[in-house]
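Listed in Swiss-Prot:
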type	residues	note
ACT_SITE	His32	active site
BINDING	Tyr35, Asp471, Gly508	ATP binding site
BINDING	Glu76, Asn509	Mg(2+) 1 binding site
BINDING	Ser77, His78, Asn79, His80, Arg99, Gln224, Glu296, Ser297, Gln298, Ser511	substrate binding site
ACT_SITE	His78	active site, proton acceptor
BINDING	Asp100, Asp252	Mg(2+) 2 binding site
Amino acid sequence: MLPREEKIIRERLGREPNEVEKAMLEVMWSEHVSYKSSRKWLKLLPTKNEHVILGPGEDAGVVKFDESTWIVIGIESHNHPSAVEPYGGAATGIGGIVRDILCMGARPIALLDPIRFGPLEKEKNRYLFEYVVKGIADYGNRIGVPTVGGETEFDESLDNYTLVNVVCVGIMKPEHLVHSYVTKPGLKLVLVGNRTGRDGIHGVTFASEELSENAEEEDRSAVQIPDPFTEKLLIEATLEAVYTGKVKALKDLGGGGLTCAASEMAGKKGLGAVIYADRVPLREPGMTPLEVMISESQERMLFAVEPEDVEELAKIFEKYELEWAVVGEIIEEPRFVVYWKGDKVADLPIELLTNVPTIEWPMKEYKLEEDVETPDIALSKAFDLVWSSPNIVAKRWVWEQYDHEVQGRTVVKPGFDAAVLKINGEYGLAITSDGNPSYCYLNPYHGAMGTVAEVVRNLVSVGAKPLALVDNLNFASPERPEVYWSFVETVKGLADAAKAFDLAYVSGNVSFYNEVVDRPVKPTPVVAGIGKVKLKDIPRGPRDGDVIALIGSTRRELGGSELYRVLGIKGGIAPRVNLEEEKGNALAILNLIENDLVTFVHDVSRGGVAVALAELSAWFNVGVKAKFTSSFKSIDFAFSESHGRYIITLPEDKVEEAKEIAKISIVGRVGGDNFALEVNGEKVEKDIEELSRIYWNYMYDLLEL
């Protein structure tokens, strides 16, 4: 907490806060809980469209799928904990986002894991990678929620660090919606789930500052302990309780623990709460009221219920062998009061906890973009370098550890542009996530716009009409003027792109202070999106003899590209989004799919058309022959990462009809035993078996597993 903030608290309180009050205020005034550096700017994001039932402000967003089905979606980061203790940090990140979905009254049905690490050549980065994935796998598999997609990226700026973002979607009936706030006094507060221990104490304050060199030893106690078996019981018990209609409000105990959950639940509508901290079931002897109030022990939920309904719900909790305790009540006076064995140990105006002043840090614009000339390298050599990049090869090593088919909804599985989950007999939910810190580092505004555009492309590639977005903004310290400027530019880019597509952000998260020993991470906005697709319309894959076509314009845009990364080129111009072209092409793709004119669609993104075509070959074990002519260098064309582009495959007899819908360029054909790419007479030729071996197995080779 800043000295000026301590002064504001003393003035508003009229006295010095005691030890317990100070600890609670430190938690609630932390960046992680209060969003004090970002709240002003987040208001720029669009939060409403025809599909939105409930936007930002609660634990997750709610989107209308149809009259009888709502989708709940949220996104969270667990960056600091995962950098310090990768297994526990990642696992508890999954647990937290699942409870965010659960406390809206929805059953969690799928997870995504956008995760980022330093180069795999270093042992520490391999250790972080291996144990983050293991933490996600063990927790998700044990609670029975499939991890159906995500991203895995490696970047030099993340050396000895990791960005672990997690997305969860849930499904619910409209009548089961539960809010995270109360609207009347007299309700009892019932704490359900795991006992409270000392793990996670000061977790949110630790997540609101940069890591030191010795963080692994110093901050391990701030990382929570995962217990997926209790979480599974908590999921079933919570849903059964919600279905009784007797739950008046519900919060999970995440960052800030009981202090945050109870004060936010009571304070939103101007009410207060009394907490009897000595009634909280404890895991460890000798805990103090301070520790109880700010512990972030996992797998705990706070229910607000009428006094006469406590026993009925208690029977449900006991059926699942979950501990429960009435730990407080909602009062009319807007105060937050804590008792410990009959003594009042804290008494604060509730708005002092929930109404934290915003901070505007100084900003300094930076310019990194400069036009650079790509070195003269043979197309075939450039292809070999890019195709074997850890950012390009299949992440099968990751998703094979996940049970991505549990619950039986997964129609399109990990590895494609978007996953699809069956919602009913006719429709599915498409879900995807994207981020590109290399673009955002060069140009935060245009990089952010590109992130949204790629989410849209990934959704429409499987035939889905986009419904809504969530965002996770991963940045270094906002106290750095360049970082704060890049954050604001990113938010503006996210806002402008979403408005252009008539999309709304229904939930989100901001994670600042992502740096280790004065080494900041690149600006990394991650956007996840959901869409609605007719199951019968999903393109199933190219057929032998199909024509290959390109939709969209290729420009010389290689700044932040995978080609420049493998060549060690830092400059260049980040790709720009032409919103009109992007929207028009997305609508054209949906039209082509609805009219059954295409057999497959793949968006062109990282690695350009060269990689998009090679992926087509590797995914389906088919030959691909494609030929292009361009006014710029062969490798510039092949590896340009211009937005707004798609590779489509279609039967030859559908080409003319397709041309009436979309501006398509015929570039090749599916068939044969080879992958053959030609640009301006330069050729890349690969045996399918060799191409596929690198794509599917190279990650295992890198990890020496």
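Glycine residues also receive a Cβ, built from the backbone N, Cα and C atoms like all the rest.
Positions of the features from Swiss-Prot, shown on the structure.
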residue	record	Cβ contacts under 8 Å, 6 or more apart
Tyr35	ATP binding site	Leu42, Val510
Ser77	substrate binding site	Gly93, Leu163, Val164, Asn165, Val166, Asn472, Asn474, Asn509, Ser511
Arg99	substrate binding site	Asp59, Glu231, Leu234, Asp252, Gly254, Glu299, Met301
Asp100	Mg(2+) 2 binding site	Asp59, Ala60, Gly74, Glu76, Cys168, Asp252, Gly254
Gln298	substrate binding site	Thr92, Gly95, Gly96, Asn194, Asp199, Gly200, Gln224, Ile225, Pro226, Asp227, Glu231, Leu253
Asp471	ATP binding site	Leu45, Ile75, Leu494, Tyr505, Gly508, Asn509, Pro525, Val526, Val527, Ala528
Most Cβ neighbours within 10 Å: which of the binding-site residues Asn79, Asn509 is it?
Asn79
Restricting to the record's substrate-binding residues (Ser77, His78, Asn79, His80, Arg99, Gln224, Glu296, Ser297, Gln298, Ser511), give me the longest CA-CA distance in Å as a whole number.
20
For the residue listed as 'active site, proton acceptor' and His32 (active site), what Cα-Cα distance in Å is obtained after rounding to a whole number?
11
Could you tell me the maximum Cα-Cα distance in Å between the residues recorded as binding ATP, namely Tyr35, Asp471, Gly508, rounded to a whole number?
14
When DSSP states are folded down to helix, strand and coil, where does His78 (active site, proton acceptor) land?
coil
Taking the Cβ of His32 (active site) as the centre, count every other Cβ atom within 10 Å, in any protein chain shown.
24
If you run the three-state DSSP split on Gln298 (substrate binding site), which class comes out?
coil
Residues other than Tyr35, Asp471, Gly508 within 8 Å, Cβ to Cβ centroid, of the ATP site?
Ser38, Leu42, Leu45, Pro56, Asn472, Leu473, Tyr505, Ser507, Asn509, Val510
Relative to the Cβ position of Glu296 (substrate binding site), how many further Cβ atoms are located within 10 Å?
29
Could you measure between Glu296 (substrate binding site) and His32 (active site) for me? Cα positions, answer in whole angstrom.
13
For Asp252 (Mg(2+) 2 binding site), the number of other Cβ atoms found within 10 Å of its own Cβ:
24
Taking 10 A as the limit, how many CB atoms besides its own sit near the CB of the residue listed as 'active site, proton acceptor'?
31
Do me a favour and check the Cα-Cα span between His32 (active site) and Asn79 (substrate binding site); whole Å is fine.
12
